[in-house]
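Asks: One structure coming up, written as C-alpha cells, with questions to follow.
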Amino acid sequence: MISYGEQLSSPAVSPPLVRAGLRGPMMHGATFAYVPSPQALHRIPGTSAYAFPSLSPVALTEHGCPYGEARERHEPLPAKLALEEEQKPESGWAQELRRTAMTLLKLPLMVTFLYLFVCSLDVLSSAFQLAGGKVAGDIFKDNAILANPVAGLVVGILVTVLVQSSSTATSIIVSMVSSGLLEVSSAIPIIMGSNIGTSVTNTIVALMQAGDRTDFRRAFAGATVHDCFNWLSVLVLLPLEAATGYLHHVTGLVVASFNIRGGRDAPDLLKTITEPFTKLIIQLDRSVITSIATGDESLRNHSLIRIWCHRDPVEASTSMARAETNISRTHGNATMEKCNHIFVDTQLPDLAVGLILLAGSLVLLCTCLILLVKMLNSLLKGQVAKVIQKVINTDLPAPFTWVTGYFAMVVGAAMTFIVQSSSVFTSAITPLVGLGVISIERAYPLTLGSNIGTTTTAILAALASPREKLSSSFQIALCHFFFNISGILLWYPLPCTRLPIRMAKALGKRTAKYRWFAVLYLLVCFLLLPSLVFGISMAGWRAMVGVGAPFGALLAFVVLINVLQSRSPGRLPKWLQTWDFLPHWMHSLQPLDHLITHATLCCSRSEPRSPQLPARVFLEELPPATPSPRLALPAHHNATRL
C-alpha cells in the first residue's frame, strides 16, 4: 500500500516519536502529511479558503482556477458559511430553541427593512422630482425638438432619470398628447426612452453589493439585463418605427376596433401601505411639472411641496401658496387643512429640500439593503438555500420545459401590477440574484414580465381619462405595451436570441474585476451618452447622420472582429487575431484602473509576499478514500498534523 507521504511531490519527514511510559505494543502508521489549519491557511498570501462538498479547506491559488467561478460551480454557498457549519458542534434542545427564536425574530425584522427599503425608493423619487422636476417640464415644452425621434428618445431617458419614475414621465406625455401639444407619433420615442430610464434604479441598488466580488458580479448582471433588453429593443424598434410607424398604426387599429369606455383609476395597492409613512416626510404637487410641460406659466414660481390638503382623502388635493399660514381654509365646497409632513413650513428652496431628501433616502436605502442582504445570507444557507434555489430555478418537466420562462413572466407581471412599480420589483429581486438564490436565467423573464406589468398599470390609468381625451391616452399606453411585447418576441423565444443575458454576464464579469466600471457605466449610459446624442440632434439630422454613421460602422466592425477572434480566429489575418497591435490603453482597462487606483489612494490589488513563504502553492492528487486534500508545504510552517 502506498503511503500518503510517497504521493506528495516532496517527501514529508515524520517527526521522531516521543516514547512515553505507555504499555502494550505501539503501532507505527503511515508517514505524517501536513494539512494546514484554517488559521494557518488564511496567513498564506494569495490563497483563499474554499470548501468542496466534503467541507475540507483547500487553497485555490494561481493555477488557472479563479476562486469566484470555482466556488459558484461547486457550491453556491460561501466557503466561510460552510466551514462554520462544519465546525459548529451538535447542539441540544436549548440551542435549537434559541436558533428557532432568532429565526422567528429575523422574519419581522426583514419585513420591516423591506418596507423601509420600498419607502426609501418612493422618497428617492420625490427627491429627484424636487431637484429636477421643473427642468424636466421645460425639456418637454420644446415641441420642435421632440419631433426628432432620436431627440425624443433621449428626452425620455433624461426626464425619467431626473424624476426617477416612469409613471410620472408617462403621465406628462399623456397630458401633452391629450391637450394636443404633442402628436402620438412624436410621443412614441419618448415612451421608449422612459422605458430605458426606469432601469437605472435597480442598477443603483446593485452597487450596494460591491463589497463581495462574486455577489457583485451576479447582482450587477441581474440588474443590467434590464438595461440590455431595453437598449437592444430600442436599437431595432426605433428605426422600424421611424421608417414604418409600426407601433402607431397597430395601436391605432386596436383603439378603433374596440368601444373603449372610461374606467376607474389603477388600484393603489402598495401606496396604501407606504403612503402613511412617506406622507409624513414629504408631499408633492406633481401637477406643477405637468403644467410647466403643457405651457402653463402660472405655476412657474410655485413650489412642488404641498402645503394645503383636502380633509377628504378621496378628493384631489389643491396646492396653495406658501404665504398662507392658516391651519384650515375653505376652497369652494371643500374644507382644506394644512398638510402634515416635515417640510410643510420650510423656507428652503425646492432644490435644497430635494438634495436633503436625496442624501437621506440613499442612506436609508443602503442601510436597509445591507441589513436585508445580511439577514437573507444568514437565513438562506445550507439546505434552506438549496431548496429555494431548486424551487425557483428548476424548469417544468418535459415537454413543458419551454413554458417555464413564460410562467415566470406572468409572475413578474402580476407582482409588478400589485406593487405598481417595476423599479420596486426589479430592485427587490436584485439582492436575491446577488446571493445566488435566483439565477440570471430566471431573473431575465421575471424582468420582462415586470416590463409588461408596469404597462398594464398605465393602461388602467389611461382608462380613467375624460372621454374626450380617452382615445389618445389609451393609444399611448398601448404603445408602451406593444413596445415591450415586441421586444420579448425579438429577444426571448429562442435561446440563441437571448443576447441580453450574455451581455449582462459580460458586464458583471467586468465590474467584478474593476468595480469602478459600474459607476462609469451608469454615468455613460444614462447621462453622458444621452446628453451627447441630444446635443448632436439639436444640430439637425445631417449632423446626426454625419456623426452617427461612422460611429455605428466602427462599433459594428469592433463587435464583428471580437466575435471572430473568440470563435474562429483562423479566418482573420494574423495581425488582427488579437488587439495587441493597438496601444495597451485602447484594448484594456488596466491602465485606467491603475490610474484610478492611485488617484483614489487605494491599496494595490496584489498583496506583498513574505520572503519566507513560497510563491505558489499547488494542489496534490489524493486517493478517492482521502477525505481532505493536502498541500505540499515546507516543514517550518504551522500546520495541523493528522
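For all residues, glycine too, the Cβ spot is worked out from N, Cα and C.
Residues or ranges marked as disulfide bond in Swiss-Prot: Cys228-Cys525, Cys309-Cys339. The annotation N-linked glycosylation site is assigned in Swiss-Prot to Asn301, Asn326, Asn333 on the grounds of sequence analysis. Sequence annotations record features per position, and here Swiss-Prot assigns phosphothreonine to Thr511, Thr626. Per Swiss-Prot, the feature topological domain 'Extracellular' maps to 129-148, 189-350, 440-469, 538-542; the stated evidence is similarity to another entry. The transmembrane segment annotation in Swiss-Prot covers 107-128, 149-166, 169-188, 351-373, 416-439, 470-490, 517-537, 543-564 and is backed by sequence analysis.
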Asks: Select the most exposed residue of Asn301, Thr511, where exposure means the fewest other Cβ atoms within 10 Å, treating these as the recorded positions.
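Replies: The recorded positions Asn301, Thr511 were compared, and Asn301 has the fewest Cβ atoms within 10 Å.
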Asks: Restricting to the chain of Cys525 (disulfide bond) and a gap of 6 or more, list residues whose Cβ falls under 8 Å of its Cβ, or answer none.
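Replies: Correct list: Asp227, Trp231.
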Asks: Quickly jot the same-chain residues contacting the transmembrane segment (543-564) by Cβ under 8 Å, restricted to those at least six beyond its ends, or write none.
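Replies: Apart from its flanks, the transmembrane segment (543-564) reaches 150, 536-537, 571-572, 576.
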Asks: Do we see three or more Cβ pairs under 8 Å linking the transmembrane segment (149-166) and the transmembrane segment (470-490), pairs being at least 6 apart in sequence?
Replies: no
Asks: Roughly how many Å lie between the Cα atoms of Cys228 (disulfide bond) and Thr511 (phosphothreonine), rounded to a whole value?
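Replies: Computed Cα spacing between Cys228 (disulfide bond) and Thr511 (phosphothreonine) is 15 Å.
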Asks: What counts of helix, strand and coil residues does DSSP assign across the topological domain 'Extracellular' (538-542)?
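Replies: Result for the topological domain 'Extracellular' (538-542), in helix, strand, coil order: 2 helix, 0 strand, 3 coil.
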Asks: In Å, rounded, how far does the Cα of Cys309 (disulfide bond) sit from the Cα of Asn301 (N-linked glycosylation site)?
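Replies: Asn301 (N-linked glycosylation site) has its Cα 19 Å from the Cα of Cys309 (disulfide bond).
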Asks: With pairs fewer than 6 apart in sequence excluded, do the transmembrane segment (517-537) and the transmembrane segment (416-439) have three or more C-beta pairs that lie under 8 Å?
Replies: no
Asks: Using a cut-off of under 8 Å between C-beta atoms, tell me which stretch among 107-128, 169-188, 351-373, 517-537 contacts the transmembrane segment (470-490) the most.
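Replies: By the under-8 Å Cβ criterion, the transmembrane segment (470-490) pairs most with 169-188.
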Asks: Mind checking which residues of the chain, 6+ beyond the ends of the topological domain 'Extracellular' (538-542), have their Cβ under 8 Å from one of its Cβ atoms?
Replies: 145, 148, 151
Asks: Could you round the CA separation between Cys339 (disulfide bond) and Thr511 (phosphothreonine) to a whole angstrom and send it over?
Replies: 45
Asks: Return only the integer: C-alpha distance in Å from Asn301 (N-linked glycosylation site) to Thr511 (phosphothreonine).
Replies: 43
Asks: What number of additional C-beta atoms lies within 10 angstroms of the C-beta atom of Cys309 (disulfide bond)?
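Replies: For Cys309 (disulfide bond), the count of other Cβ atoms within 10 Å is 22.
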Asks: Provide the three-state secondary structure of Thr511 (phosphothreonine) computed with DSSP.
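Replies: Note: Thr511 (phosphothreonine) is helical by DSSP.
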Asks: Return the average pLDDT for the topological domain 'Extracellular' (440-469) as a whole number.
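Replies: Here the predicted model's pLDDT, averaged over the topological domain 'Extracellular' (440-469), is 81.
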Asks: Hey, what's the Cβ neighbour count for Cys339 (disulfide bond) at 10 Å?
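Replies: Cys339 (disulfide bond) is surrounded by 20 other Cβ atoms within 10 Å.
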Asks: Can you tell me whether DSSP puts Cys309 (disulfide bond) in helix, strand or coil?
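Replies: In the DSSP reduction, Cys309 (disulfide bond) maps to strand.
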